[in-house]
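Report on the following structure.
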Amino acid sequence: MTRECPSPAPGPGAPLSGSVLAEAAVVFAVVLSIHATVWDRYSWCAVALAVQAFYVQYKWDRLLQQGSAVFQFRMSANSGLLPASMVMPLLGLVMKERCQTAGNPFFERFGIVVAATGMAVALFSSVLALGITRPVPTNTCVILGLAGGVIIYIMKHSLSVGEVIEVLEVLLIFVYLNMILLYLLPRCFTPGEALLVLGGISFVLNQLIKRSLTLVESQGDPVDFFLLVVVVGMVLMGIFFSTLFVFMDSGTWASSIFFHLMTCVLSLGVVLPWLHRLIRRNPLLWLLQFLFQTDTRIYLLAYWSLLATLACLVVLYQNAKRSSSESKKHQAPTIARKYFHLIVVATYIPGIIFDRPLLYVAATVCLAVFIFLEYVRYFRIKPLGHTLRSFLSLFLDERDSGPLILTHIYLLLGMSLPIWLIPRPCTQKGSLGGARALVPYAGVLAVGVGDTVASIFGSTMGEIRWPGTKKTFEGTMTSIFAQIISVALILIFDSGVDLNYSYAWILGSISTVSLLEAYTTQIDNLLLPLYLLILLMA
């Protein structure tokens, strides 16, 4: 979600070299900060990866402007290759560093594999761009070759044979998912967003297969298995129905009944047995026992149900306003769309403070519900398909240019990923010290508070625009200030947070991510929490 001055946007092919350079400068600042903190051969690989991604990004941008890319990408943004390429490698580096400090060699190696996998899929995206660019850019190829050679050489001497095979497995899955999903979902992603989303899905799928084949009794937390199975199950379900409805009219009652029946068959016949094998107990009974285990969980579930009802009422109210409006193209204003950010903040903060495992599972269930409802809307499944199309069209923006509406799913992911990605085995009593204690709040701070306040103040009072963008200086400054106030409130209400005088790093992290929000054209609901998570965990 973005904040804008009331001025016309540049066309999709308009060059935004100033904003792209500023975005790159912010990303390089993050990379160098992590490099200075970690300072090992893997962080040097991250620097080399960032340099080649910076040069290749311009080739992707030219391909998008000329319409020469292999697939149809979202045209209202630049390629976003540089910021997306660095997320998985940097995340792996900070995870490795934290687990090394905690004396957990297994998850230290896991962090290295995450970093190596992120570098592999990023290099593949760069090679793809140069392979379809005509004439072949010799200088950029040399830079890519040098950076890739350094990374491959270091990883060859750092990874075991099994780890190399794991990286190659993820890369293979990533290639196939790119070919399938980018064909089925034109204009839903930029190259960078595809790299980030499909790379993450590929890694999750490979982890699930690996853990299913090497299962050991009592190994792993059931909530982790629950997340893996739900994500993979929903993706495979979407691919199955997309292929099926190529040959069927999805809008008929017969197809709708078949959709619901097949959903039940896949859930009861594939997903639940798969989860049962992993957790060694009845998944439904485990979930019910988990959700209603304590009085605190019952109170939180009741509170969240009220907030969900409130969100539905907001949607109904905005659609009622559209029905009474003379314009058929009435769109919800920026402030109305930010209501959902405030509702999500009110949802996540009590969960983080009182019961993070419950929030972990509840966010997973909510993700499955959101994706399922998007399938119903996309395939026009009766009886809710057309209703959802009408209701959700009110909240579209320029980033929902493809057949899928992903903004609300990205918002949920941005808030949930800091909860899901905490390396719990490498923490003391489930929390980290210093600035790292704010890691679970990264989504709340970056998107729930920062982006919301920036949008409201930037669109209503903003006058001074950042060069090359529609974002405003006033919006960014109020965003930083609001996040600082939020950190102070977290210190007051969450007794488990001890910042240990790391205030300068927190301020720098918040300011850096706010500047990234000002210049990026990617999905900030997803990108900003990940960068704030990386900086806070470093």
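Using the three backbone atoms N, Cα and C, a Cβ is placed for every residue, glycine included.
The membrane topology recorded in Swiss-Prot places Val51 on the same side as Leu528.
Annotated range for transmembrane segment in Swiss-Prot, selecting from 45-65, 255-275: 255-275.
If you look at the transmembrane segment (225-245) against the transmembrane segment (338-354), you find fewer than three C-beta pairs under 8 angstroms, all six or more positions apart, and that falls short of contact. Of the recorded ranges 14-34, 75-95, 112-132, 338-354, 360-380, the transmembrane segment (437-457) has the largest number of C-beta contacts under 8 angstroms with 338-354. Tertiary neighbourhood of the transmembrane segment (402-422): same-chain residues 1, 74, 91, 185-189, 227, 340-341, 344, 348, 352, 356, 359-360, 363-364, 366-367, 370-371, 374, 377-378, 392, 395-396, 430, 432, 439-444, 446-448, 523, 525-526, 528-530, 532-533, selected by CB-CB distance under 8 Å and a gap of 6+ residues from either end.
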